[in-house]
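Here's the structure we're looking at; comments come further down.
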Amino acid sequence: MTSYNRSVAWLTVCVLLALHIGGSHQQQQQCTTPTRLRGRCISIYECDSILDYFKQRILTWEEREFLRKSQCTGATSGRQPFVCCPGNGSKPVVAPATTVPAGTASTTPAGPAATAPSGDAALADQLVGGLLPNPKKNECGVSIGMRIYGGQNADIDEFPWLALLQYENRKGERKYSCGGSLINRRYVLTAAHCVIGEVERKEGKLVSVRLGEYNTKTEIDCVTEEQEEICADPPIDAGIESVIVHPGYQDMAHADDIALLRLAQSIEYTSFVQPVCLPLTDFRASKTGEVNFVTGFGRTLQESRSAVKQKLGIKVYDHARCQEKYATKNSSITTNQLCAGGEYAKDSCHGDSGGPLMKLQKVWYLEGIVSYGNRCGLEDWPGVYTHVPAYMAWVRSNIKE
């Protein structure tokens, strides 16, 4: 077994599964597998049929979901996860749609031609004929783990839709500045101020997008878990075929701060590069006080810019109060914007511009795009985000095969 496969297997075992730490000794309890076979609840290290299956490849969304559903609550020893192991020892068939328990999302192979369930015309329209991944089929928003000013390091394959925008100045020097979110194989959603206006004068021309990055200081990103080295695939650098800026955006203003980047190539999904879900018909917008997450490579308490992907949970801020706060700065907050944060030293800023504000609703949805704020991490001064649900019609009308 190669070092990489060992890494994938360990990552699968230690991160995808919730680990049950306890002292009971209910060894080999009977259980039912996700495909409704009788099995025994045992350590995954004793279940060759599951362990061998998941050591062989980079996991698809369906395989990730199957492994999660195979988890059971048996006895534990240290940090060993327990799974429902088929009684006949055969390799599992991964969760066909007809065997998924009622009330859970079905899982079918992901791909650009995926369509909505029959009879759901509204969702079919929202998916633009399959150009957007379907949240109901776990085709997006699947993150193994759970810039961030006051944040912490993300897991190596957490938030795999995060994109880094690269710019080139007149001297030919390149640097990363803004962020973005991969929404399908050809498009990244970001902030308009990251692609036109002052950013061009300050950073240079936008030339490429990097996907699957974890540590900008290393060529191959690796972390150590339980004395086992886990390494990511090399990041993907994609050229930009075209830039689509919302027609309402004006340089140095903040309204309609949203843009689409059409990549010059179709992106192949891996465990480290996947799309985030867009808010569709059944998405419930966040209320004041709810916790959403931001991720990126921006400023931290220790550094002007983080080399390692960061994450931070922040609360949605009362909209009316946010309008009042920013009115004192001669800045108008519209209903197409969302405010979040406002705790000291916990904010998204600088290098996080254009990056995602995410809401977990079974899968991860892109609810906001980092737009602007009043400095970084100030007490009772929330950041302002472009509210993505308000722009879904624009997004749908501007993507193509």
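Backbone N, Cα and C atoms are what each Cβ position is placed from, and that goes for glycine too.
What you are looking at is a predicted structure, and each value in this text was computed from that prediction instead of being measured.
Listed in Swiss-Prot as the disulfide partner of C84, from the options C31, C140, is C31. Of the cysteines listed (C14, C72, C85), Swiss-Prot assigns C72 as the disulfide partner of C41. Annotated pair H193 (active site, charge relay system) and C322 (disulfide bond), C-alpha to C-alpha distance, rounded: 21 Å.
In terms of C-alpha distance, the listed recorded positions C85, C322, N330, C339 place C85 closest to C72 (disulfide bond). Of all Cβ atoms in the protein chains displayed, 22 besides its own lie within 10 Å of the Cβ of C47 (disulfide bond). Under the three-state DSSP scheme, C322 (disulfide bond) falls in the helix class. The Cβ neighbour count for C178 (disulfide bond), using a 10 Å radius over every protein chain in view, is 28. C31 (disulfide bond) is surrounded by 22 other CB atoms, counting those within 10 A of its CB over all protein chains shown.
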